[in-house]
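To start, the structure under review is shown below, and the notes come after it.
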Amino acid sequence: MGKQQETILIIGAGIAGLTTSRLLTNNGIPNVVFEASTPDRSQGFAISLQEFGYSALLAALGDLPFSSLIRGVAPDRQIGGSGWIDQALRDNRTGEVLVAPDLTTAKQTIVRANRNALRHWIADCGEDELDVRYGHKLQRIEGRLGDVTAVFENNARYKGSLIIAADGVNSTVRSQILPNVVPETIPLIHYHGEFQLPHSAFDELIRPHSRQSNILVGVGDRFNTPLSICNITKSQVHLDWSYSRTVKGENDILYRPNVPSEEAKQIPPALLEELDTLCLAEPWKSFLNSESVKTHRVFHWTTRCVYITQDDARHAGEQGVVFVGDSWHAMPIFGGEGGNHALLDGVELADAIITSTSNSGKGSWDNVVKNYYGGAWKRSQDAVRRSTQRFFLLHRPATEWKEISEKKKQIA
């Protein structure tokens with residue numbers, strides 16, 4: 001029973017949960033990951049990893065080389081690519097480059113990563129297999145720090161010394177422990193589509209515009225249309241697109257923040273009509289139109305942010321819960337830093353646990369919570385505010401984009 005009590009229970013097998021589990025496992029600290037979904041769940045879209053996030057992970061995994069990450073997660077890894085992006089913002093009605101950094105001499109610092117591949121790569125970065133138990137949907141938490149119990153809907157009960165909430169923006173753990181913390185809905189419309197092309201069609205329709213970049217970002221008059229490579233092989237290319245814009249008044253029929261999950265997979269006729277009025281340039285024009293979109297898998301995404309105060313974090317810690325990832329710092333996907341801070345959360349929390357365990361032989365859980373939040377709280381909450389502000393700036397009027405572009409040209 002004593003050994004079981006020292007086990008750390010991780011709720012959620014996303015990036016943050018798996019990072020924490022992998023680092024704990026590599027250091028011989030017992031832990032179990034519980035995931036509500038089945039092993040075949042898919043989150044195959046791509047995210048941007050920045051140096052501050054992946055460098056900390058590589059170091060914590062034993063100073064793995066940058067090339068190991070690229071070979072494991074880059075969307076174009078199967079054709080020898082490196083997940084490179086040009087970081088350019090283009091006028092999606094003309095194709096003109098509005099803003100672009102000078103990348104001629106700089107080293108690659110941003111890596112585009114397939115989310116599924118990243119999860120698998122993290123899970124595989126060690127000799128011992130992670131203990132991930134799927135089909136475990138959390139029902140409630142009992143106990144306090146040092147002696148907690150997780151109760152699941154399948155009637156399973158597990159005891160441990162600490163619960164790590166890695167269960168996302170709609171965290172079940174957070175809703176029980178901190179019911180006052182409710183995700184803030186951002187008043188923006190966001191639709192996401194997925195489709196595939198033969199490699200030959202990709203080379204003809206998209207490659208002339210994107211060249212070697214794994215994402216082609218188009219910005220318009222208060223709306224965005226990024227095209228992104230999710231996975232690419234010698235014969236097939238899996239891509240996705242996003243269409244996001246600011247809300248137009250109180251009766252905007254496309255603004256549906258509380259749409260049921262099944263309805264969120266249906267394509268509203270109003271979206272098809274709106275896409276056909278955008279007057280897009282190629283390559284966006286070929287894919288973001290009513291006829292093409294009908295053949296894609298389309299999802300309505302509600303953009304939400306989560307803020308947690310230091311007092312809330314301390315209160316949760318007293319009840320045996322520590323937060324990582326979107327459960328406590330959800331931020332916008334486009335222009336956000338969420339995946340990077342999820343990695344940092346896992347690295348920093350694991351380090352706090354490992355340090356405490358090595359110093360005392362068993363975890364001093366009060367110190368673990370204190371030391372983790374001592375740095376992670378400000379870092380992550382600042383990132384939520386910064387990412388939200390950036391998200392709105394990326395939906396600015398076309399006139400402002402033109403002004404920015406002209407100023408860049410004058411400086412150059």
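Positions of Cβ are set from backbone N, Cα and C atoms, glycine also.
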In Swiss-Prot, FAD binding by E35, A46, R119, G339 extends, among D63, D326, D351, to D326
So how far apart do the FAD binders E35, A46, R119, D326, G339 get, largest Cα to Cα in Å? 21
N231 (N-linked glycosylation site): which of the binding-site residues E35, A46, R119, D326, G339 is the nearest Cα neighbour? A46
Work out the three-state DSSP category of D326 (FAD binding site). helix
In sequence order, which residues at least six apart in the same chain have a CB under 8 Å from the CB of N92 (N-linked glycosylation site)? G218, V219, G220, N224, T225, L278, L280, A281, W284
